[in-house]
Each structure stands twice: as C-alpha cells, then as structure tokens.
C-alpha cells in the first residue's frame, strides 16, 4: 500500500507492495475515488489533473506529420540539390545519411514525445539537467514560425494575381517595369531577332518581366538592410490573411488540426500528379528529367555533396524543432510509433524524389523553348517558386490555370507546416503553465497572442528591405548549423545520459517489442558523429550571407544573424551550468540528482511493474499551482 511521509507529503511505494495499477492516494491516504480526472493527493486537498488530449484517429497523427515534414523544401530545394550534386549520384549520400541520421532522430523525437506525453520542453523531464534542449527547440520553432509564413504570403499574393486572363508577370508596360524590360521570348523569336529588333546577345542583357514583378512589385527591393523603406500593403494584407488561416487551424488543438490536414497534406499530391502529367507532355521535358537524374560520379568524392545531403535531410525531416515531439505527445501510449516513423520517413524522402520529376520536366520545357542550357533556368528556393516556375507557365497554353494550381499547391504545402509548427510551440508553452493559471479559452488566447506577436515581427519583412531581413532569419535562425547542434545533443542525452538500452526498454513497453538495434547504435555512435562532422564543416567553411550574389550584409547585420543562431544554441550549455551551480552537494551528487527523470502520471502503472528492478519509486505531490503529477525515480 502507499505510505505517506508526514513531514514532506511524499507517497512512497515499495516494490514488494505494489500489485497492479498504482493510483495516487487522496489527502487522507486512501486511494483517490471518482470518475473523471485522476486525483492527486496534496496537503491542501485533492487536485484534479485534466487528461491530455489525444488524436481522434491514428491517421490524424500520420497526416499531421506528413503535412509538417513534407513542405516547401521537398519541392523547391531537393530537386535542385540533386541536379547540382551529380544527379542520381546525390541519392547515395542522401539515403545513407537518412539511414544513419534522419530516420533515427525522427523516430527518437516522436517516441520521446509519446513516452513522456509532453511538449518540447517538459519532454526533457526524462533528463532535467538538459531541459535547455527544450528551450532551444522553442526558440528555433518560434523563428521558423515567424519567417516561414512570408513564403505563404508571397504565394497567396501570386495566387490572387493568377486569376486574370493575362498574368501580370508575363508582360512589360506596367508601372513597376523598367525600360530594360523585355517580355519572355522563345528560341525562334530570338533566332529571328523579332523582339524589338534585338540580337540574342542583347536580349540576354535585358530584364525579364518575371524578375521585375518579383523585385519591383512584390518585394519592392530597396538598396539593402539599412534602407527598410515603407510597408507593402498588398503583401501585408496577404500576410494577415495567412495568419488568420493559421489561427483557425490551430486554436482548437489537435481535434481540429487532425481534420484539416487531411486536405492540406493530401491535395498537394493531387496537384503534383496533375503538374507532372502536364509537364511530361511538353517538348523538352525528357531532357530536363535526364539532367535531373544523370549521374556524375566525380561528385561523390566532394565533401560539399555530403554536406548538402545532410543539411537537406535534417531540414526536410523537421528535426530539432520540437514539433514532432509535440505531435507524438498526443498519441496513445501504446501506439506503434516505430512503424509510424519509418512510414513517415519514406513518404518524406519519396515526395522529395517525386517532386524532382515535376520540377525538371517543366524546367526542361522552359530551356527548350528559350534555347538555353538547363543550368540557365535551374533555380532553388524562392528563385524556383517566384521566378523560374512563373516564367515557365507563361510559355504554356492556359497559363493562369497552371499558375493558380502551382501557387495553390505551394500555399497548402507551407500552410500545414506552418500551423503544425505553431501547434508545437503552443503545446510546449501551455505544458509549462501551472494549473493555477488555467482559465477559460486559455488555448485560444495563447494562440492569438502567438500569432499576433509573429505578425508584428513579420512587418519588418513586408517593407522594401524586408527580403534582407527574411534572408537573415532563413540563413541563421533555423539553419543546418542550429539543427545539427540540436540533433547532436538529443542523441547524446538520450543515449549516454539517460541510456540507450533503457530508452529501448521504454519503447518496448509502449509498442510491445524492442526496435531494431540499428536505432540504438545510431543514437549512440553514428548519428552524433554525422551531426558533429557536418556541424564542424559548416563552421570551418562558413561563408557570410550574400543576397543575390551582389549584396554583402553590413557587419551589424551579420552580428544580428549570429545572435539568432546563438540564442538557441546557447540554451543547452547555459541551462546546464545554471542547474549545476544552483544545486547543492558535490558535483557528482548534483549530476546524479539532476539527471534523474521526472515521471508523469501515466508512467505510474508502467513504473510500478518494474519497481523490483529499478528500486524505490516515490510519488511526489507538487504544489497546487502545478497541473502535472510527477514521479521521481530514485535509483
């Protein structure tokens, strides 16, 4: 039976006394009774602990993970990296790093969230000394939520402008065009010098209306970061509309989010298939696909190829952001997260590979139409979405239809990644709030404040100098360097501080069997080595940010970027040092105490079953201000 210490209110349960499920006792020492929330005995009385929300169906979780992890990077970055780094040869380092780095950490984050039933911060109660990992992931995902939505705002703007008989970026003569503007030409026009009586060489020096629409109308690009300029109100309204969409996708929690992603995560695949069918029927499409896949074996020995593969894996798998942990925390305790993680990883990488056929069939057509090499039209990132593809659709029949389809797909790809990222941030935030702070509409108000704060910060990115701010966030705040640092410490903490075998046992408790030993080996050895190797390479061969190969950022702009990066990377060592300095006892005693897990209420039955192995377990009633029941394992 449970015994209460009269002095400190701690309930202890010895291993030989526990039979069956362990129920937290009430204030009189008797088991808590009644239906509804589980009772927690406290010196002041019984405290109701609200149950954690769970997915209505497991497919809701699968769709949410697909929507979050499969995003813009799969469509606009992977195909270009594959072409740039040797075509089909790039798949070799990509698959290898996925096996030793991407999939193991992807599985680690989901299973950790499911086991601890907590968001990105409280999930590190598994090893409280390293709770700084949770704060770091919150910082990174906040930065991502802030700048990532700008791509949606631009995409929404292009989508609205697509509903016209003539696309505004297809012709010159608008107020934003310059005298150097020349409308998009086909190869036969150039050969006949039929455009404004200019030769092909002269045409090459002119500016495309697509570029002028992007730079002069959408971005209203100023001279640099030091020239912010005024707000672009049209794009600002699109940004506001996107944040309103995100709010209503997230405000009711996973019950509503899990339904919305059925559309936002699946419809982009329908559009990709439609665009692929249209693309392969165009002249020159086959040449584009060949350029995409043609192997260049000499590239395999280049370190940059392996660095690009590793960075793409960690970025596209959405590792280190804490959102996967938050999504996993809403799973049933016995859900087979191992199978889910493998399936989701395959979907993610498969989508990247498939998107390459869509992109390069269109680029091959565009290269053939303009009589230029594929390298002249191949773009990555915003250049593909807002320059290369808009230019390509102007050469197609019924151009507005294909433009609208593409930007609608772009909007959906980014939207579910965005609102799941916000969900991950809100989950981590609300898990920290004690029960005494609970009030009606707590979640709705928290989501509104988060969206409003991000929107205010985003206003700096819809000014004339906004693109320079966007590039700072993109290059530093959630770069490969910060994600690799985060992933390295996650593996070290779980495998070497908590214990890889111990965590494998915890997973076996959830799914009924131990995962493949490969996962344990990766967490312990291979993955940390890969992460640290790429991290060191990125630091040693660091190159300052340059926009469009022309604009060099001032020293204070680069310092601002490093401040973004270090604000998350320093969370781990600073939190660790702070905890060790505040604790009492010898350094060994402090380490032992601070690395003891803090268990949640759902662990009681599980821990009770192996108490004879793990020793004494204590149920510690915390203050009434806390809504989390903790169990401290004394080992």
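Cβ coordinates are placed from backbone N, Cα and C, and glycine is handled just like the others.
Look at Swiss-Prot and you will find 42 (among others) tagged as phosphothreonine.
Taken from Swiss-Prot, the feature phosphothreonine applies to 617 (among others).
Among the features that Swiss-Prot reports, phosphothreonine is placed at 620 (among others), with the record citing a large-scale study or a structure entry.
Positions annotated as phosphoserine by Swiss-Prot, on the basis of similarity to another entry: 623.
Per Swiss-Prot, the feature topological domain 'Cytoplasmic' maps to 1-60 (among others).
The annotation topological domain 'Extracellular' is assigned in Swiss-Prot to 82-87 (among others). Secondary structure counts, DSSP: the topological domain 'Extracellular' (82-87) has 4 helix, 0 strand, 2 coil.
The topological domain 'Cytoplasmic' annotation in Swiss-Prot covers 109-138 (among others) and is backed by sequence analysis. Same-chain neighbours of the topological domain 'Cytoplasmic' (109-138): 52, 65, 319-329, 331, 333, 335, 337-338, 340-341, 424-425, 427-432, 486, 489-490, 493-494, 497-498, 506-507, 510, 568-569, 571-576, 579-580, 591, 594-600, 602, 628, 630, counting only residues six or more beyond its ends whose CB sits under 8 Å from a CB of the stretch.
Residues annotated as topological domain 'Extracellular' in Swiss-Prot, with sequence analysis given as evidence: 160-230 (among others).
Same-chain residues lying 6+ beyond the ends of the topological domain 'Cytoplasmic' (252-269) with a Cβ under 8 Å from its Cβ atoms: 53-57, 60-61, 63-64, 66-67, 70, 327, 330, 351, 409, 412-413, 415-416, 419-420, 423, 443-444. Positions annotated as topological domain 'Cytoplasmic' by Swiss-Prot, on the basis of sequence analysis: 252-269 (among others).
Marked as topological domain 'Extracellular' by Swiss-Prot on the basis of sequence analysis: 291-304 (among others). Long-range contacts of the topological domain 'Extracellular' (291-304) within the same chain, counting only residues at least 6 positions beyond its ends with a Cβ under 8 Å from a Cβ of the stretch, are 79, 82-83, 85-90, 92-93, 356-357, 359-360, 364, 374, 378, 537.
In terms of DSSP helix, strand and coil, the topological domain 'Cytoplasmic' (326-341) has 9 helix, 0 strand, 7 coil. Swiss-Prot lists 326-341 (among others) with the feature topological domain 'Cytoplasmic', giving sequence analysis as the kind of evidence.
Model confidence over the topological domain 'Extracellular' (363-394) is summarised by a mean pLDDT of 80. Residues or ranges marked as topological domain 'Extracellular' by Swiss-Prot on the basis of sequence analysis: 363-394 (among others).
Feature annotation from Swiss-Prot assigns topological domain 'Cytoplasmic' to 416-444 (among others); the stated evidence is sequence analysis.
Residues or ranges marked as topological domain 'Extracellular' in Swiss-Prot: 466-479 (among others). Beyond its flanks by at least six residues, the topological domain 'Extracellular' (466-479) meets 140, 143-144, 146-147, 150, 219, 221-222, 224-225, 228, 232, 321, 460, 545, 547, 551, 553, 557, 560-562, 564-565, 568 of its own chain at Cβ-Cβ distances under 8 Å.
What Swiss-Prot records for 501-520 (among others) is topological domain 'Cytoplasmic'. According to DSSP, the secondary structure content of the topological domain 'Cytoplasmic' (501-520) in residues is 15 helix, 0 strand, 5 coil.
The topological domain 'Cytoplasmic' annotation in Swiss-Prot covers 582-635 (among others), and the record cites sequence analysis as its basis.
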Item to check | Beyond the flanks of the transmembrane segment (342-362) by 6 or more, those residues with Cβ under 8 Å of it | outcome: 62, 65-66, 69-70, 74-76, 78-80, 82-83, 91, 94-95, 98, 102-103, 106-107, 269, 272, 275-276, 279-280, 282, 285-286, 288-289, 291-293, 312, 316-317, 374, 378, 384, 389, 392
Item to check | Tertiary contacts of the transmembrane segment (231-251) (same chain, 6+ residues out, Cβ under 8 Å) | outcome: 149-150, 152-154, 156-157, 160, 218-220, 257, 260, 415, 418-419, 422-423, 426, 443-444, 447-448, 451, 454-455, 458-459, 462-464, 466
Item to check | Dominant neighbour of the transmembrane segment (139-159) in 395-415, 445-465, 480-500, 521-541, by Cβ pairs under 8 Å | outcome: 395-415
Checklist outcome for this item: Checking 88-108, 305-325, 395-415, 521-541 against the transmembrane segment (270-290) for Cβ pairs under 8 Å, the most are found for 395-415
Checklist entry - By Cβ distance under 8 Å, which residues at least 6 away from the ends of the transmembrane segment (480-500) in the same chain are close to it? => result 101, 104-105, 108-109, 112, 124, 126-127, 129-130, 133, 136-137, 140, 310-311, 314-315, 319-321, 520, 522-524, 527-528, 531-532, 534-535, 538-539, 565, 568-569, 572, 595, 597
Next on the checklist: How about the transmembrane segment (305-325) with the transmembrane segment (521-541) - do they touch, taking at least 3 C-beta pairs under 8 Å (6 or more apart in sequence) as contact?
Outcome noted: yes
